[in-house]
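I'd like to ask you about the structure that follows.
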Amino acid sequence: MTAIDKRTWGIGLGLAVVACVLVPNVLSSYWIYLAITAMVSAVIMQSFGVIVGRAGVMSLCQMSFAAIGAWVVLRLNLSDAPGGFLLWLVIGGLAAVPVGVAIGLPALRIRGVNLAVVTFGFAVSADIVLNANQFPGTEELKTLNRPSMFASNGKFFILVVIVFVLLAVLLEFFNRTRIGMSWRELRYSERAAAAHGTSVARSKLAAFALSAFIAGVGGGLMAGQLGLVVASNFSMGQSLALFAVAILIGPHHTEGAIMGGVFGAVMATILDKLKLPQDLGGLLFGFFAIFALRTGVSQTDFTRARKREAEGRKVLAALPERNESEKAGPVVAPPVGGAPLLEVRDLTVRFGEVVAVDGVNLTIPDGGVVGLIGPNGAGKSTFIAAVTGFLAGYEGNVVLAGQSIDRLSPSARARLGLRRTFQTTTIAPELTQYEYLTIGAGRKLSKQEADELLDFFGCPPGEVPVSIVDVGTRRLLDVAAAIAARPKVALLDEPAAGQSAAESLTLGRRLAEVPSRFGVSILLVEHDMELVRAACAKVTVLDFGHVIASGPTREVLDDPAVMAAYLGTADVPLV
Ligand code: ADP
Ligand code: MG
C-alpha cells in the first residue's frame, strides 16, 4: 500500500467514524432514514463497481441479486433461524452467488450490448416472479428482527456503515489479487488479458460472483431498513437507474460508491418533494450516462486520472535527457545453438481461400533471439496468433519445452511460459506502468525488479500513467511486461514500430541481451533490417505464408532470392 493509499484509507475511515457519530445524534429521524437509504444504495453501488466499473461487464440485473439477498434474510427471519440478522445477511449474499455465476455463464460467449440484453432479460423475469410472489413474512406481517444492538434507525445506520467499510476492505483486497488486477485489463481488452495469462472466463465469473454477493448483502440490508420489502423495491427500473448512476460516477472507487448512493437517495427525495414521478430520475440518469458511455470514463476515473497525470507529468519533466549513445558499441546477437525450446511444425492457417501461413517450420532455441521477417501480409502476425493460441483452427503442431500445447487456450499457453505482444498495443491507459507490469508478470513484482525492467527498456518511471506516454514507449512497455513474466519464450510483433532508427537499434541491443539477462528466448517479428541484423543470429523469411529462406542472419539477408522476393531491387524494404 502506498503512502497515498494509506492516507486515503485514513481519511475515509475518519469520515466513516464522524458520520457514525453525527448522523444518529444530530440529524432528525427523517434525515437519518434518508442517510440509511443512501448507505444501502452505496453498498449496492459497490456491487456495480465490481461488475461494471472493474470488469466492464454490462450487467442490468444487480437489483435481482439484491432481491435474492432480501428474500433469504426475510425467510430466515420468518422461521426465526439461529444466528440472527448479521449471519442471515452473509447467507443472503452467498445465496445470490450461484445465481450470479449462472447469469455470468452466457457472459463468457457474449459481451457488450448483447450481454446487457441477457441480464436485463433476467431482471425482467425476476420482476415477474417477485410480483407474483410476496416476500416471506408479508402475509404473516412478521417484520425483520434487527439485532438489539442496532435496533434504532440511528444505530442501524452505523451497522450499514460498518458493512460498507468491511466490503470496501474486501474489495481492496480483491483488487490486489491476480483476478482483481485482471478485471482492469479485461474491461479494456480481453485478448490482452488472455495474452497475460488471465483466464477470461474465470475472471468474469469471479466478477459476477463477487458482485452478486455484495448486491445480496445490500438487499438484506434493505430488508433490515424497511422491515418488509415489496417487489417494486427491486424492480428492473431500479437496476437500470442504478446502472446509469454507476456508469456516470464510477462506483469501483469507494468515494464513487458513496456518491452514487447519496445521489440516488437524494434524487428520489427531491423528486418526491417536487411531486414528480420517480421514473424521471431514471430518465435523467440515463441521459447523463449516455455521455459517460460515450467517453467511457466515469467521474471518479476522470478525477483520479487527471490527478495522476498531473503527477506523472511532473515526474517526466524532472527526468534528465537520456543519452542513448552511452550504451553504443558493437551488438552481439546471442548464439542460437541451444536446445530447441519452441518448435513449430508444419503450421498452416487458412482464412477461407487465403492460406495466410503455409506449412511453416520454425524452431526457437533456448537462449536465442530468432528473427521472423517478410513484407506486409506475409503471415507473420498470423503465425504469432496461431502459436500463442489466439487462432484455434490451425493445422500443425506447437511444442513448448517438449510439451505439445495445441489444445491449450491462449491464457493457458501464456501461463506455461509463452508470451506475446500485439502489433497494435492494447494497454489500458488508466493503468500506471507499475500496474501494467504487475498484470503482465502475473505476480507481485518488487519495486526494484520493476524499476530495473523499465530502465532496461527505456521506459519512464513506473508511477507515470500509461495515458501520458507516447505510442513508441507503450510498445516498449508491452515488451517489458511480457519479459516481466519471465516466460520461456516471448513472441514480439514489431516492437520497434514507431521508433526512430536510433531508438530501434537501441532496442535491438537490449533484445540481444534479454536471453542472458532474463532467461527469456525471443521470436522477433520486425520490418527494421538493422534491428534484425543487430539482435538475431538466425532469421526466417516469410512471403505469402511460405518460408522462402531460413538460416544465419547474414547469409539469409544477403541471399539474392530473399533480396528479390522481399527487398526487391530497392534499398528499402517494401513495407
Ligand atoms: P503480416 O503480419 O505479415 O503483415 P498477417 O499475418 O497480418 O501479415 O496477414 C497474413 C494474411 O492473412 C493477409 O493476407 C491478411 O489479409 C490475412 N488475414 C490476417 N488476419 C485475417 C483474418 N482474421 N481474416 C481473414 N484474413 C486475415
Ligand atoms: Mg503483422
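Cβ coordinates are placed from backbone N, Cα and C, and glycine is handled just like the others.
Automated prediction, rather than curation, is the source of TrEMBL annotations.
Among the features that TrEMBL reports, domain 'ABC transporter' is placed at 342-569. Among the features that TrEMBL reports, transmembrane segment is placed at 7-24, 30-48, 55-74, 86-108, 115-136, 156-174, 205-223, 256-274, 280-297.
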Are the transmembrane segment (86-108) and the transmembrane segment (115-136) close enough that 3 or more Cβ pairs fall under 8 Å, when only pairs 6 or more apart in sequence count?
yes
Take the transmembrane segment (205-223) and find every residue of the same chain, 6 or more past its ends, with a Cβ under 8 Å from one of its Cβ atoms.
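Sequence-remote neighbours of the transmembrane segment (205-223) are 40-41, 43-44, 46-51, 54-55, 57, 59, 62-63, 65-74, 77, 85, 88-90, 92-97, 99-101, 103-105, 107-108, 135, 144, 160, 163, 167, 174, 179, 183, 229, 233-234.
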Cβ under 8 Å to the transmembrane segment (256-274), counting only same-chain residues 6 or more beyond its ends: which ones?
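Sequence-distant neighbours of the transmembrane segment (256-274): 34, 37-46, 48-49, 53, 164, 168, 241-242, 245-246, 249-250, 280-281, 284-285, 298-300.
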